[in-house]
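What follows is one structure encoded as structure tokens, with my remarks underneath.
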Amino acid sequence: MPHRKKKPFIEKKKAVSFHLVHRSQRDPLAADESAPQRVLLPTQKIDNEERRAEQRKYGVFFDDDYDYLQHLKEPSGPSELIPSSTFSAHNRREEKEETLVIPSTGIKLPSSVFASEFEEDVGLLNKAAPVSGPRLDFDPDIVAALDDDFDFDDPDNLLEDDFILQANKATGEEEGMDIQKSENEDDSEWEDVDDEKGDSNDDYDSAGLLSDEDCMSVPGKTHRAIADHLFWSEETKSRFTEYSMTSSVMRRNEQLTLHDERFEKFYEQYDDDEIGALDNAELEGSIQVDSNRLQEVLNDYYKEKAENCVKLNTLEPLEDQDLPMNELDESEEEEMITVVLEEAKEKWDCESICSTYSNLYNHPQLIKYQPKPKQIRISSKTGIPLNVLPKKGLTAKQTERIQMINGSDLPKVSTQPRSKNESKEDKRARKQAIKEERKERRVEKKANKLAFKLEKRRQEKELLNLKKNVEGLKL
């Protein structure tokens, strides 16, 4: 029977791959316990060359496998409103679960294994995260009430029943300010200083500043004079920020006001008026000639001058009065004394001395220079490291054998003395015997070299195998 090709269970060309990812925090089903928290995300098969060509259109020239186009967003075009179906989480027990059909393969999967089509603008984690810092979009009164700084017992903080009508009415201060603005606009650019002084003198009486009741009761006083007296046009600024505290975002409660006052007192010390001496041009005023204060100042001046004066019986050269009287005499009596400073000796305590008597903590040792280890060379013929294995000498049996060879196999013909009456035939025979002996000696020498070489190689291999076996048996 012909062998049939088995059909694969999954066709890679038509297959659809998914990534198992966590459900988005903006997904409405993220808070549903019955819905799975992990969903399937279809993978998009994009050719690398096509993706890189698309990236080059937008100026991305990185040659790697990362998809930089996922960070780009298409510009929003004209938008239109379309009716959307309301999303509702289905109960598995009551209603059947919806199925999603993948058009490329025709696979039907439940919709719960995929992410929701509609997502919220803010995720669950951002909704639960607390907001830190001042909230400028909140009413300061609401912030003060949340911080327990709002005084509910204060009658000024209570609203009347007709607070809307009262808020729409113009108060007396606003009317006064309107009158003041109109008068300021009518004023000319140049003013007479004498007239201002005359007007300002009318605003004060012998008792001091005018109170609010006095201002209201005094007839003929203009709104401008009252405003100048009450400093309506002046705004107190902070020395620290150069801004008025009314422009602050936070409502100033009692503790913050106390904190601001302390800062103001602290920065008053660094005002220009408090630094250095005042100029003489700014000092004004007068004092009587026979006043006690002037007499005390003169007495202090004469007393200080008398202390610095020294009466001399005879005329002497003027010396520096700031120096002490006996300073010159003491300088003459000074002598140079040489002091020898001895080097402080090292003092040993009992514990240090006892430690030198034993080798428990005292380990005297000579520091030696360790030479660099030699490089290991490997034989090209045997593959065994050279000069690593120990060299063995000849055994007693091998030495005895060599001695026997040396005693018995010595060349006899070459050592025999030549006769003086030797004939030509004897000489020719003797030379031929020497040649034969030398030839045999060369053959024997070559055989011995080969035998020793093979024996050396065999012994090196045995030692190497023995060393490997011993290392393998270590525990």
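Here the Cβ of each residue, glycine as well, is placed from N, Cα and C on the backbone.
The coiled coil annotation in Swiss-Prot covers 418-475 and is backed by sequence analysis.
Summarising the annotation, Swiss-Prot assigns compositional bias 'Acidic residues' to 184-213.
Residues annotated as compositional bias 'Basic and acidic residues' in Swiss-Prot: 419-447. Residue counts for the compositional bias 'Basic and acidic residues' (419-447) under DSSP, helix first, then strand, then coil, are 24 helix, 0 strand, 5 coil.
Less than 8 angstroms from the CB of S17 (phosphoserine) sit P42, T43, K45, each of them six or more residues away in the same chain. Annotation comment: Swiss-Prot describes S17 (among others) as phosphoserine.
In the three-state DSSP assignment, the secondary structure recorded for S24 (phosphoserine) is coil. Taking the Cβ of S24 (phosphoserine) as reference, residues of its chain lying under 8 Å away and at least six apart in sequence are, in sequence order, A30, A115, E119, G123. What Swiss-Prot lists as phosphoserine is S24 (among others), and the listing cites a large-scale study or a structure entry.
Per Swiss-Prot, phosphoserine is recorded for S248 (among others).
Annotated phosphoserine per Swiss-Prot: S331 (among others), in sequence order.
Annotation comment: Swiss-Prot describes S408 (among others) as phosphoserine, evidence class a large-scale study or a structure entry.
The region 'Disordered' annotation in Swiss-Prot covers 23-54 (among others).
Positions annotated as region 'Disordered' by Swiss-Prot: 74-99 (among others).
Residues or ranges marked as region 'Disordered' in Swiss-Prot: 169-213 (among others).
According to Swiss-Prot, the feature region 'Disordered' maps to 405-447 (among others).
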